[in-house]
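Sequence annotations record features per position, and here TrEMBL assigns substrate binding site to 28, 29, 30, 31, 83, 84, 85, 86, 96, 97, 98, 99, 123. According to TrEMBL, the active site, proton acceptor annotation covers 105.
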Ligand SMILES: O=C(CO)[C@H](O)[C@H](O)COP(=O)(O)O
């Protein structure tokens, strides 16, 4: 089975938690894309759900597939949010934002009663941080914000490259909210809660990719099948 097949199996497992009439949040990324595809099949079969997207990319996919969409303003409370992750650590702590949608993803996840993470088993890690942590920052004063993050990291014993994310067209990557992303190569984040609190206190930081206490369960696919991990 390819990694892509495993992602689809994880998405299929999460779909079992979707019930008629639910208000759903749709994630972003290649795994979430499988979920949206499979959800669309169920919708064509008669399932009634109303969805909110976490990115322009997912919005376009869901629209194309005929899924009923609304905005988070019109439907500010959701039953379930399903999304992928870049890393799944202890207690279902997550790094997200590899696809650059972390701000909307966190807003939508926070509006949902439950968040189910879908992933292939390569995303499971004992300690977060091997995947560079995406931090969304406003373009104004980006260098000052970067220095503030470097100082915070130093105080917490973290170090590593901190790179402004580029886009495939050679330009700088711009998020759906018009912000930039700093990818921070910390390699080991031993205390994610402390780092998250410190980042939130820096004025130029819009949001960071540490999702702590948000995921209720994860459907993790490996060659032996899909394992459901509940947050302890
Ligand atoms: O956080 C995300 C997008 O901002 C994605 O969920 C994360 O990057 C995982 O992506 P993929 O399913 O393609 O591996």
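Cβ coordinates are placed from backbone N, Cα and C, and glycine is handled just like the others.
Proximity to ligand 1 at the level of Cβ atoms, with a cut-off under 6 angstroms, picks out 28, 83, 96, 98 from the binding-site residues 28, 83, 96, 98, 123.
The Cβ of 30 has fewer other Cβ atoms within 10 Å than any other of the binding-site residues 28, 30. Counted over all residue pairs in 28, 29, 30, 31, 83, 84, 85, 86, 96, 97, 98, 99, 123, the record's binders of substrate, the longest Cα to Cα distance measures 16 angstrom.
The local packing around residue 96 (substrate binding site), expressed as other Cβ atoms within 10 Å of its Cβ over all shown chains, amounts to 30. Of the chain residues outside the substrate site list 28, 29, 30, 31, 83, 84, 85, 86, 96, 97, 98, 99, 123, 27, 32, 119 have their Cβ within 8 Å of the site's Cβ mean position. Here the recorded positions are 83, 85, 98, 105, 123; the one with the fewest Cβ atoms within 10 Å of its Cβ is 98. Each residue contributes its Cα atom, and for residue 98 (substrate binding site) and residue 105 (active site, proton acceptor) those atoms are 11 Å apart.
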